[in-house]
Amino acid sequence: MHNKDCVRVAARVRPFNKRERDAGSHCVVSMVSSSITIADPRDSQNRRSFCFDYAYWSHSGFTRDQSGLYVAEEQGGRYADQDSVFQDLGEGILENALQGYNATLLAYGQTGSGKSYSMVGYGPNKGLVPKLCNRLFQTIRENQETRQCQVFFSMLEIYNEQVLDLLSRGSRPPGGLRVREEQQRGFYVEGLRTIPCDSDAQVEQLMEQGTRTRTTAATHMNANSSRSHMLIILQLKQMFSKENVTKQSNVNLVDLAGSERQRSSSSEADRLREGTAINLSLTTLGHVISALADVAVGRKVIHIPYRDSVLTKLLQSALGGNSRTVMIATLSPADICYEESLSTLRYAERAKRIQNRAVVNESPTERLVKELKAENARLLQRLSRLGQDGRRASDETKELRELLTHNELQIRAIQTMWEQHLQEALRDWEQQYASITQERRMMQLHPYILNINEDAQLSGVVKLFIQEGEWDIGLCDSSPKSISIKGLGIQERHAVFKNEQRRVSLTPTAGSKVIINGSAISQSTELQHLDRLILGSNSTYLFIGFPCERGGDDWSRYDYDYFQSELAAAEGIHLGESSGGSRQTDPSLLAVFYDYIKLMPMVADANQMSQELNKGVEFRLEIKNLALSDSKGHDLEKEIVVRVNSARTKQVWLWSKTKFVNRKFLMEEVYQQARAEQSEDTTLETTSALPRDKDPFWDPVEPLLLGTAHLWLQSLAFRIPLEEQLEVLGSEGTEEAILQAQLVPCSSSGLPLGEDDILIDPCELLGRRLDFQLVLEQCFGLRWIRDARNRGVQIGFRLFDCTQPLYTPAVWHNINPLLDHRVHFASLHTSQRLLDYLQSSAVVLELWGLQEGCANMSSSLERVRTTADEVFIIDETANTAPTDSAEDSCSVRALQQDLEELKVINTSLSKENQSLREQLHTARTGGESVRGRSVRPSCDAEFARALKVFYHSMTSVRGQLQRLRRHRPSEESDLLGLRLFVDEHSRLLRDFSEQLEQCVSTLKQDVAAIVRRKRERSGVWS
């Protein structure tokens, strides 16, 4: 009978990790009973709640005892430990398996969310898999009188749609194992090794063996373990002699690949297929779950795409088929992981709607034995009848006896197969145990290096011992004094270990890459206990010294991130540097730092593959917007990009993080294919059959943003012209060019205004027309074109409410190009919003680099209003009455009242000015004195000129401030260099202070002189 069962779903919230603690993360997840609520960190009112079958709070309320076990701080506290999770999930899976049902456990979540910890565990904190195996064999021992049980164990990995047997003793077949389908069995892996087990210790040993194989395979395939799926398959067969019943069930324990979302805007979509086969299984699993969820709520679904990936083929019975299934969704409660955690919760919510139809399984083997015994009984009865009838049909009797003997042999073979397999597995286990014992003995005698992997579960698995004498390490394995390793960038004879007089040194061979503690070495270096080694592209090892040097060291802090952070520090990228001397690191900078160290090994791998494939392409990490700001001077959001340079064509590309990760997996496919086709030659040749448009190392060229310069607009509010020489700064603060630019207030016909048109109060512009020209005269010292003369540049900019950028005409092949580009802007009725913009903002001038083959950038004028004289109209919203809200209406009325008051004040000042002019005229005609007869400029004009001088002076002060901000010590500076830097910085600060003080002092003196002269005139002409 078919039982309809929904997939049971559990959610588990883990503690903050080091990255989240360093970022000062806040918890955005709360839990009440089996309900989980997640709040948007950008909007605390935006909250989503999800209800699951089980919910586990493992984020807080725990402590670590002396044995290393995590337990609740208080008896009966809310903390859910590994035992709590097993009691709810593991016990249920075990009970289903013992009843004869197929059972499946899926662990889903982003990388680092705690999937492997929940499934496998770490140290004394055993996970679901080892606890389930322990309880299974305990149950078998307790019930051995009533049933005979057989347990078979298999372990496989799916990476890039290839199946790898983690328990195989032979060589890995090209393309991995094949997945086939039979009507009775469904989908299965052909040639997958199945090992009989009779104890949980044997299972634990097989898991260690599989983990070792997984680590080695990841190194050989240059694979990323966070993108692979691991499946453990337990086959349980129970034979009940009393009831003459056999039950057989399969238990699938699945640790899925990391589910992190790939953030990419539509503008950076890759021309090549996204994610390659690396994400196919997880993507297809999402489609299958969505389709099954739709079926469960009664929607019509035409197709469920089980066959679209290897993973969904193998999990077909677990999702909508003959299995009782549990999913555990693991998530981080940190605000910086909000998007990924919300995505995980939505995924799990869909999964709980899936309905399976589980049945108790009867073993086909037991049925065959029954049929053979029944047939033998019929044959014996027939032989007996032949004898009783006295007939001597010798041929028929001979045939019957042969058939009887054949059936008996089949029965005996089936019954002895288990014992033979078990004995064979026990022999393998004894060999494995002997090798483990030998390894432990070697650890107490010799120094060694152990592997460090991105996946903590795979770290410390491989130990390479350095015995006395000289030992070559590299690809070579023919010499008895060699240590064989494989990986990208590893040479045949990569380096030499020398162990003499209880000292170990490492000497790299010519052309090999060896890094110790973040620094590359080229000569013999003595190793110290816990030194960090990177061999080749990214083979990371920790050196463990002689036993007498070890003490009680805990090497677990030297994780994969530690190695990469050390490399980043050597490149000048440090964690913990924040402005103002604050200890708290800016979370956005921290996110960039972790992205940087995450991509570092991938970039190293890409460079090594490019070198071996003779592609001539170099990859380099950059921090986008590190030194750039927006139109108001606020720092732009920083992110990691990859600069790609072609040494042959001098072409340059900038790839986003998402695009590079996608391309890197495509590069792996090309590299693996080239290795498979490699001839006896020692170099890999580029596959000529690969078209350029399918080459992951190439892209069509596009314009590149080289840098920006800021032209501040404050002088326009006073109708003061401004002429500047601006530094165009690249993304990381490098000087890309010098740009000569002007802001020219002008009349509607384009004629420059004079000094008499300068305003003292910008509010005089309200409601009036404002015309000005932006003039881009010339660029000097273009580094982009100096590096390659076949390039060009354009300048792009946006102003106020222009939604689309405007561009200058392209100029090519010139380091110092003359631009002579002039754009006339006009506001027909100047608004307060435009005035505020002018007084607080700058126009950001973007320098774009052009390459041969890419199209010039053109100005889009669809939404820009222009006059017949090609004048660009801005601030058009000033003419339209805002009707959006009552608040806007109140603001407009307030502004209109202010405008009326200003008009009254202006009228009063105009009358006063007219009175002064009449007094001046009277004094001139009366000829009272020579001083009275001289022409005196108006006070307003004098004040305007003083302001003009002040603004021009402040321009140089602003430039000095920018130089101060960019002035930093060299990363290679020693103590003397730092002292020189401090002296130079003090001098620049002193100069800046003097310039600023002089500007303010000059303005004060000019204003005082104007006031004094006005008083003198008042005394003469009053």
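Any Cβ shown, glycine's included, is placed from N, Cα and C.
Per TrEMBL, domain 'Kinesin motor' is recorded for 6-354. Model confidence over the domain 'Kinesin motor' (6-354) stands at 85, taken as the mean pLDDT rounded to a whole number.
The ATP binding site annotation in TrEMBL covers Gly109, Gln110, Thr111, Gly112, Ser113, Gly114, Lys115, Ser116.
TrEMBL lists 892-919 with the feature coiled coil.
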Binding-site residues listed as Gln110, Thr111, Ser113, Ser116, least Cβ neighbours within 10 Å: Thr111
Cβ contacts of Lys115 (ATP binding site) (under 8 Å, same chain, 6 or more positions away): Ala107, Tyr108, Gly109, Asp255, Leu256, Ile328, Thr330
Gly109, Gly112, Gly114 as binding-site residues, winner by CB count within 10 A: Gly109
Residues close to ATP site centre defined by Gly109, Gln110, Thr111, Gly112, Ser113, Gly114, Lys115, Ser116, Cβ within 8 Å: Arg14, Gly258, Thr330, Ser332
